[in-house]
């Protein structure tokens, strides 16, 4: 029998709540600084399962002595995702800005009291880190966890994106917000959205980002039927460049999808929304398998695996690559996890222990649940891959059911698909845009650009002639 809890006087309860709020506020302020420090000192303790072609700085698990291994624990529960269908999945994006992470939180009121990041300046001038240093111009999107505004800095006049996170009265700062802020503070790269400022008040935490006017989802919606092949190549190169940067720092994004890839008016692609990102060296109980929008979620995670590494992001890269070329999502599941897996296996083949060692040990893999499919050439599923030299080969090396077989971001940058790009692109510093290299620019989009490219390319012509 459970012990009963005696009722507490109202006055005592009020004092306890006040104490809890005070401790929560203090903790959230401290943790924003501490977690970055912990992240830096823990990186050498990281161990990972390797993707193909991963840099030697990330060592395969089997090269680490047994007494030095740090493993993520797999937690198996009685939950079966196949027994209860999820809601129909739809591709959506936040209005005019992808840099928003919808999570649960309660609304709060604004407070002028500033907690962090004050910069020295005159007493009457606007300051970085001050709530009144930014003017809200328009709302871009809203969720239960955060609201994003287009704003303007009163300090330098630049446009910004203000991600206003409402703090729970008793719980303090959501950990997803702390995680995003702490990771982005240390990331400086041309292909990662820049965090300008952090404003912490009693009721809100505001992350001030550079303003980027659209995202890849909106860009593809505006140009249906597949993007210009040269633009696909430049977008993919930038995506891999940004991922290689964070993967070398032992950070997984974990939520790659077109909505989280911002596109500037000059064509720069920037990784955004690091609310689910994880520093692999920071200990945690287990990685949740409820990450990544269903269409871009890899089969190992769909089957319940909680032991994953940078290879998780590389599956999403493959899906986005195919979608940019084909003009439709690679695996647009419409029902549930079962349907999503069936769509994957229809193209890549139903896995077994020979094609994917260890698949039978995954929590939700039951062979009798799946139709037995054999693998096929990717061009049979997505014909436009055949229009572009080496595109099918690169896609096939990214879309591997077994995570260990997926190409790493660094290795993908060296793939033949990119061989016709200027060599200077591989020599750029982290903060240099690819568009600083002469003759590197986006091409005009048209509805028939991919089809026209296929007919005019030597590869496309050879395929066309082989049909006659």
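Placed from the backbone N, Cα and C atoms, the Cβ positions cover glycine too.
Residues annotated as phosphoserine in Swiss-Prot, with similarity to another entry given as evidence: 24 (among others).
Per Swiss-Prot, phosphoserine is recorded for 77 (among others), and the stated evidence type is similarity to another entry.
The phosphoserine annotation in Swiss-Prot covers 94 (among others) and rests on similarity to another entry.
What Swiss-Prot records for 102-131 (among others) is region 'Disordered'.
The annotation phosphoserine is assigned in Swiss-Prot to 133 (among others) on the grounds of similarity to another entry. Residue density at residue 133 (phosphoserine): 22 other Cβ atoms are found within 10 A of its Cβ, drawing on all protein chains shown.
Per Swiss-Prot, domain 'Protein kinase' is recorded for 134-418, and the stated evidence type is sequence analysis.
Within 10 Å of the Cβ of residue 148 (ATP binding site) there are 25 other Cβ atoms, across all protein chains. The ATP binding site annotation in Swiss-Prot covers 140, 141, 142, 143, 144, 145, 146, 147, 148, 163.
Taken from Swiss-Prot, the feature active site, proton acceptor applies to 255, supported by sequence analysis. Every protein chain considered, the tally of other Cβ atoms within 10 Å of the Cβ of residue 255 (active site, proton acceptor) stands at 23.
The annotation region 'Disordered' is assigned in Swiss-Prot to 448-468 (among others).
Sequence annotations record features per position, and here Swiss-Prot assigns compositional bias 'Polar residues' to 455-468.
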Item to check | For the domain 'Protein kinase' (134-418), the mean pLDDT of the predicted model | outcome: 89
Checklist entry - 10 Å Cβ neighbour count around residue 146 (ATP binding site)? => result 28
Checklist entry - What is the number of other Cβ atoms found within 10 Å of the Cβ of residue 140 (ATP binding site)? => result 21
Checklist entry - Across all chains shown, how many C-beta atoms besides its own are within 10 angstroms of the C-beta of residue 142 (ATP binding site)? => result 15
Item to check | Secondary structure of residue 142 (ATP binding site) (DSSP, helix/strand/coil) | outcome: strand
Checklist entry - How big is the Cα-to-Cα gap, in Å, between residue 146 (ATP binding site) and residue 255 (active site, proton acceptor)? => result 17
